[in-house]
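Residues annotated as region 'Disordered' in Swiss-Prot: 1-43. The annotation N6-methyllysine is assigned in Swiss-Prot to LYS5, LYS28, LYS37 (among others). As annotated by Swiss-Prot, N6,N6,N6-trimethyllysine applies to LYS5, LYS37 (among others). Residues annotated as N6,N6-dimethyllysine in Swiss-Prot: LYS5, LYS15, LYS80 (among others). The N6-acetyllysine feature in Swiss-Prot is assigned to LYS15, LYS37, LYS57, LYS65 (among others).
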Amino acid sequence: MARTKQTARKSTGGKAPRKQLASKAARKSAPSTGGVKKPHRYKPGTVALREIRRFQKSTELLIRKLPFQRLVREIAQDFKTDLRFQSSAIGALQEAVEAYLVGLFEDTNLCAIHAKRVTIQKKDIQLARRLRGERS
């Protein structure tokens with residue numbers, strides 16, 4: 001069916017306003033709950049996408065320095081006691097660890113997408129590590 005062009009028409013008074021039902025009128029006239037405004041919430045996934053863009057732009061380390069340092073010292077205790085670390089050595093370890101984790105999560109995401117999912121799961125990480133040859 002062909003579309004027709006609509007033209008503006010002059011109003012001739014129109015209809016009288018309809019009467020509201022009793023329940024609607026009661027709902028509108030009821031006092032509000034103190035005017036408390038609900039906090040704004042973004043749709044699910046919006047904040048996650050914003051964080052992804054923010055972290056992909058940034059170059060700073062994402063793991064906090066002191067907790068990482070404590071973890072390194074704790075693991076090193078198992079091999080030899082009274083080990084000392086230069087701050088640059090801890091920094092180099094942290095750079096390497098974060099680069100490894102970012103790469104692993106990229107591969108994990110590809111595994112999830114291959115399975116037609118958007119959420120990564122434990123089995124995706126296991127598959128990514130298996131394909132890399134890290135885990136038999």
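Note that Cβ sites are derived from N, Cα and C of the backbone, with glycine treated the same way.
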Compare the Cα of LYS37 (N6-acetyllysine) against each of the modified residues LYS5, LYS57, LYS65, LYS80 and report the nearest.
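Closest candidate to LYS37 (N6-acetyllysine), judged by Cα separation, is LYS57.
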How many Å separate the Cα atoms of LYS80 (N6,N6-dimethyllysine) and LYS65 (N6-acetyllysine)?
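A Cα-Cα distance of 22 Å.
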What is the interatomic distance between the Cα atoms of LYS57 (N6-acetyllysine) and LYS65 (N6-acetyllysine), given in whole Å?
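Pair distance, Cα basis, whole Å: 20 Å.
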Among the modified residues listed here, LYS5, LYS37, LYS57, LYS65, LYS80, which has the most company in the form of other Cβ atoms within 10 Å of its Cβ?
LYS65
Name the secondary structure element type, per DSSP in three states, that contains LYS80 (N6,N6-dimethyllysine).
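Assignment for LYS80 (N6,N6-dimethyllysine) reads coil.
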